[in-house]
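Report on one structure; see the data block that follows.
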């Protein structure tokens, strides 16, 4: 600076003001006096004393550990950005020096290295230096008791101003030098952002007293608060062009104006280069790790004060993301505003320009050029990571300052860019609400409240000044807003969430953090400017987002329209990147710009580029999805191989430990089918696994969803009980009918729900058991054996077989029952259902043939027919029993229109139930109404067709046979207890032993249905928490069936469709599902109460016998047909039969088509078809009882024969179990698509 000799300043003498009486005529001129004062003030000794004095005021606690951010901060601020020489202590505050504590040791200043080398800085010393500066600044905030707030000055020119005021008391004092005096602000709404163009035009709108100087033209008012002074070195960063006295744009320049005027231009340039340019590798001190034990930062332990202390490192844990793209457009009044044009929760949703409504979610398609432009702008734009701001104006001010510093925009464009950032935000949902506008911008709120203030009231410059083209704002305005608490909302204005907002909030995850993307064209800029901001903490920015979600990231891109850049596409690109899981995790964990660029490169590596050719149809793009899946799979594999090198995952020890715990838990997962090698070991493990949750099985039922599930499952269980009961009565001549099946379902259901390991299973009668009952009844009738007595001995053998299977832990055998066997079984039962339906219908047409038009009135009709018609008429009354199953003269024959009405009832029931099931996944009505209608489709179809039949009084139809009260179906044939030794004649002893063979066959059916159903319910995708018990459930179901045979009740098994429906009804889906994404399971209400109540309600249904007697058998045939047709859904064998008649070019894009040659696929289908034909042939002969044995032979056939014909790769494609739980509402997809099992 100056080479003149200087006297070291002593104490407060360097700040003393000369006495007025000492200024006489003989006093030397003021220029010489000012130069002497300036030399004494700017002396090196004085500067060194200030540093020593500041360093003696305490510091941070030793032992603080530094990171790379601290070192970068130290290099950028402490060594290259110096404090202004005008920031001296006032006289009173300077006298109070903090004495050194008793434990404080004197230390050598690091800059006083005697050797002239670059000294090495201890970390503890660096902390103490920073703390000393901070406490020195805190001392400034405490005025002395004898001083008034207005007597505290902070700048050198203010000290000179005080000297000039004292000199003005002398008559001979000349005109004072230009100065500025700062006084405290009057109120929160003060006008503080006005830049002075002329000294005479200074406006004091908020009580801030400005000077009347004439030489300070072009400089803003300096900010000063009484008793308050704090330094933030990061905010003091400036470019060199701001330091000139004539071109100063900021109030606190790093050099004094007097000093700047005295120095030459070369000296000023040297000063700018020294203070503001960051030359890599120059004057960087070596940092040696300090071996102190304490790891707590000294900043944490300071007492609160006006000096902002450094906060701990910002949490970088990735959150779910919500991205909103806002573009700078003109509204209908031709005023600029930020308008939302797209949003991302997981997929992109665009606003349709014409209708102003949201389009369908879709995968964002980006142009490759926009991605490259985005990477280039990120490489050269402003990147602010962990910005500590809480309001949009504060963030905007920091962004604009960083743009000026990085020379992206000119200094004169600062105000325009700032005003552009603070424009109003509008959303498509704003116009849908007819109430008070939901999003209130700063400008509209100011205009709204302006009518309630008087003329003398002070106004906030944020809401009264125009947004574009007004007076530029200064740092004073934004800092004042940051320091003062946020204003309270005005009375009478409340922010209520609209219906649209609440619906959108349900789709957004609870802990999501938002990203705001602002892009647009502004003509006042000469080139594009960009800023990427990551806030230190997520904050809610008022009137910015469509929904109140805290904002963590902001991206800004402004530029002229003349630039060769598509701002909209670049905004879509960064929005899509932020919605990508890997990239937004990298954005959370990024420490510098290079991390973001690396994440963009990783995104480009997994992106798919389509050639610029015309696509004639969507089928041409089928390979894109497959190729993208391969790229994502490769990306996941690379992430698993290099989790730490990629920098995309947290590296903390806690996260690593948590990951290891999860992996260990997955590896040690308890497999319920794993054998223990001990007798009944699996049963004991099932009891130990499931019974500790017994009490919670009742507590978890206290939920409204469980009550709704009870009503739904009741009808789902009652309809098959009535249907199969009526058909079973037809097959067994009413030895077992509706009453027996209802009682069996109720009793076994209650016991199973109280003792079973998986209470979500619904046990009931099924098609395979119906086929076996018919076959065994035919066998007993042909051999003159008592059917019910034979069932008793089969029941005894069933119990022994179940005990033997559980003791040997044989439930693991269910793993060998592959899709090959399951599909053959399910297809066979579906064919039987369909065949039986039309067989019964043909039989009705044979018993009641169609007559000609004159036949009904002719006299050729004999008296027997007239008498049967007369007998048939009373059956239409509600109090008469149905004559179904009776022989002789009691059963009417040859009735007119009976066959046609039966056909109408059967077809009507089938089509109503079938289309109501389709309606469940249609697009009509809200989803909740559709699900209710679809779930109750079968009861609704039965009710409608019963009313149709009841309304036609002139036509006879055969009704369901149901007894009155608690009675068996045919009391004249049997009772409730069956004698094992024989009812009418002694039962043969050889048959008691031979009953083992049919018992094995029944056990095969029950084992397959129960265990496969348990496997389907227990899939990992269903997220069950309490586990299942294969051995315990099998033992209970088979043992109860054996005991129920003593009472003439039918055997039951786990009904697959009803069990899956029960589990789905108790599944709670997460509402935070992105539009277009698959629904996710939140929890499953695993409890016993719903199954228990359903079983009791089914048992009580026996009292509605009068209502059940009104159901025609033709309606049950329609339900039978419905179950047969719907069971074909999800059977891959049925789909491959279609491919036999389809050209290869029309084959679907599935695994077994793409990975297996067409001829080999057709060969596999032919083998399944051959096995199905063999089973059908067996069931059509007298050996139909052995069909379960033929079915189980398909298991070794698949394991031995097919593995020699097909390769392992082909078998994995053709025989893989790819069925997953179905929860979404895709058309034509429901529970039947999940299981290749019969109904």
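Using the three backbone atoms N, Cα and C, a Cβ is placed for every residue, glycine included.
Residues annotated as region 'Disordered' in Swiss-Prot: 1-237 (among others).
The compositional bias 'Basic residues' annotation in Swiss-Prot covers 76-85 (among others).
If you look up Swiss-Prot, you'll see 94-110 (among others) marked as compositional bias 'Basic residues'.
Marked as phosphoserine by Swiss-Prot: 113 (among others).
According to Swiss-Prot, the feature phosphoserine maps to 132 (among others).
Per Swiss-Prot, the feature compositional bias 'Low complexity' maps to 141-155 (among others).
Annotated phosphoserine per Swiss-Prot: 144 (among others), in sequence order.
Annotation comment: Swiss-Prot describes 170 (among others) as phosphoserine.
If you look up Swiss-Prot, you'll see 172 (among others) marked as phosphoserine, on the strength of similarity to another entry.
Among the features that Swiss-Prot reports, compositional bias 'Low complexity' is placed at 189-207 (among others).
Swiss-Prot lists 241 (among others) with the feature phosphoserine.
Residues or ranges marked as phosphothreonine by Swiss-Prot: 255.
Summarising the annotation, Swiss-Prot assigns N6-methyllysine to 272.
Summarising the annotation, Swiss-Prot assigns region 'Disordered' to 285-318 (among others).
Look at Swiss-Prot and you will find 441 (among others) tagged as phosphoserine.
Swiss-Prot lists 447-468 (among others) with the feature region 'Disordered'.
Non-local neighbours of the transmembrane segment (932-952) in the same chain are 712, 715-716, 718-719, 901, 904-905, 908-910, 912-913, 916-917, 919-921, 925, 1061, 1065, 1110-1112, 1115, 1118-1119, 1122, 1230; each lies 6+ residues outside the stretch with a CB under 8 Å from one of its CB atoms. A distance of 92 Å separates the Cα atom of residue 272 (N6-methyllysine) from that of residue 1171 (S-palmitoyl cysteine). Looking at which of 752-772, 896-916, 987-1007, 1088-1108, 1111-1131 has the most CB pairs under 8 Å to the transmembrane segment (707-727), the answer is the stretch 1088-1108. Its Cβ taken as reference, residue 272 (N6-methyllysine) is surrounded by 19 other Cβ atoms within 10 Å in the chains shown. Remote same-chain partners of the transmembrane segment (896-916), defined as residues 6 or more beyond its termini with a Cβ less than 8 Å from a stretch Cβ, comprise 837, 841, 844-845, 848-851, 855-856, 933-934, 936-938, 940-942, 944-945, 948-949, 952, 954-958, 1112-1115, 1117-1119, 1121-1122, 1125-1126. Confidence for the topological domain 'Extracellular' (845-895), expressed as mean pLDDT, is 51. Counting Cβ pairs under 8 Å to the transmembrane segment (987-1007), the top-ranked stretch among 752-772, 1088-1108, 1111-1131 is 752-772. Here the transmembrane segment (1034-1054) touches the transmembrane segment (752-772). Their Cβ atoms form 3 or more pairs under 8 Å, with each pair 6 or more residues apart. In the three-state DSSP assignment, the secondary structure recorded for residue 272 (N6-methyllysine) is helix. By the Cβ criterion (under 8 Å, sequence separation of 6 or more), the transmembrane segment (1172-1192) is in contact with the transmembrane segment (752-772), since 3+ such pairs are found. For residue 1171 (S-palmitoyl cysteine), the count of additional Cβ atoms within 10 Å of its Cβ stands at 22 [all protein chains shown]. Remote same-chain partners of the transmembrane segment (1111-1131), defined as residues 6 or more beyond its termini with a Cβ less than 8 Å from a stretch Cβ, comprise 719-720, 722-723, 726-727, 730, 767, 823, 826-827, 829-834, 836-837, 840-841, 844, 884, 901-903, 905-910, 913-914, 917, 938, 941-942, 945-946, 949, 957-960, 1219, 1228, 1230, 1232-1236, 1238-1239.
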